[in-house]
Amino acid sequence: MTLQPLTPVNCASLLQPGFSLLQLDGELLLFGQKGWPKRSCPTGVFNIRLKQSMMKLRAISFSNDSCYLPPLRCPAVCRLDPYDGFPESYLIHGGRTPNNELSSSLYLLTVDSRGCNRKLTLCCKEKELVGEVPGGRYGHTMSMVRSHGKTACVLFGGRSYMPEGERTTETWNSVVDCPPQVFLFDLEFGCSSAHTLPELSSGQSFHLALAREDCVYFLGGHSLTTDSRPPQLFRLRVELLQGSPLLSCEYLDSGMSISSSIMTRMGPEHRYIILGGYKSDSQKQMACSTVIIDEKGIQFEQLEPPKWTADITHSRTWFGGSAGEGSILLGVPTEGRPSQPDIHYFYYVNFRTEAEGKEEDIAPGCSQESTDYENSTPLEDSEELYFGREPHELEDSSDGEGDTYNEEDEEDESQTGYWIKCCLGCQVDPNTWEPYYSTELHRPAMIFCSRGEEGHWVHAQCMELSETLLLRLSQGNKKYFCLDHGGLPYQEMTPPRQVMPLKRTPMKVKERKMPLMIKMSPSKKSFFRRLFD
């Protein structure tokens, strides 16, 4: 195994605790970056390029029929291998949005196409669920199980906001453990069902889920109720029978006291490596473990960890995700060093053998046979979000620097986000928005209201503006006041400036010929007058 430091190129601020790493069509993708997607990458999904100890990000575009995918932090991510003619894909559920709201949506992410220059285009679809649908949450897991020729998705754990009936002013934004329910998704028909098992008596979050056939193992996790990380291990068996499924749960005494660990798969067999995590709030899990799942059950073996650097050893927190088969991308805070321009150190941890490592030069690998069930949930210790957003469409480009992310291209994130400020009765939903005006191309038209605290932006559709009026308001020196500030959908002319008229003075003509003047005495003038008379 090797531990190699990485140098991020103009992208260090995007990789924050809470991101997820996906492997699609041999590419390593970053999802859930810091902030709303901006003009450098409106989709919020990046391709990570690792070469010669350098880490670069390349923007990934979505197909035209894709829905909007917000940058979710700490969602449940589950990989789906190709089956029954369906391509490899990822399921994404829940997570925190940049507005600190908890999402309850379920997205399906697949590969749409590859351009002539190998440019990857993704397709994102939101799947609707009916029945007993899980609420918004984060820090939970999803896994795929197969039984009797059927497949289903298992969701468990997580955190959510305190129910509205129990909130007070002091605990309005407090989070609690979700009820210990197991949700089953039928992806073909979109049916969801909730199941309560007596063995699962308390909720947990930031745990690991490992699946094989019809069994899912829940390992470790953190409980907010007891503020502890009990060494628990549960085995959930799901039988997909005709009619209703049959679930059974068993408590195993070989668990581990960890949370927020990173897991990567080793080969096509059900063999995993667990790295990182926490034993307690002030103690990191520095050891590594190998997990093997077979017909007999689950087995744990101690694995020699890499030679940690001083920055990793002395840091209080760390985070990361699986960067492919047998590799992990690890991030460590710089602990407030003023001389360090970046706020995180990044390392590439490779658990593959030397023979396997020679085949690729630190390039992230992705096995087409790797199945499912990775959930590299990042650390829960850093969950503050400060964001802004200004999306627009990307143009396809080659593998050069044209579509490489650059921090200098971004605007100040202290500005309010595009979707955040509008009128009180805003009806525009970024997930289901369709062009309303002929002038709209990639986002809803907005108009600036000059009243309020330094003004704010409102959707023109919410203000019921005609397209003609919208065009006139966007030109010249006209002001607009929205309905919330006592205005009507009409324009007011800014008083014109009084300009004093300029005094026009005639210009002197250079070298102007003057009439010839002859100086004569009065006697001479009298003589010539008598002569001509």
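Placed from the backbone N, Cα and C atoms, the Cβ positions cover glycine too.
If you check TrEMBL, you get these features:
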BINDING   C422, C426, C449, H456, H459, C462, C482, H485  Zn(2+) binding site
COMPBIAS  367-379  compositional bias 'Polar residues'
COMPBIAS  386-395  compositional bias 'Basic and acidic residues'
COMPBIAS  396-413  compositional bias 'Acidic residues'
DOMAIN    417-495  domain 'Recombination activating protein 2 PHD'
REGION    359-413  region 'Disordered'
Cβ-based isolation winner (fewest other Cβ atoms within 10 Å) among the binding-site residues C426, C482: C426
Local Cβ density at C449 (Zn(2+) binding site) - other Cβ atoms counted within 10 Å: 22
Fewest-neighbour residue among binding-site residues, criterion Cβ within 10 Å, set H456, H459, H485: H485
Cβ neighbours of C462 (Zn(2+) binding site) where a neighbour is any other Cβ within 10 Å: 19
Neighbour count (Cβ, 10 Å) for C422 (Zn(2+) binding site): 21
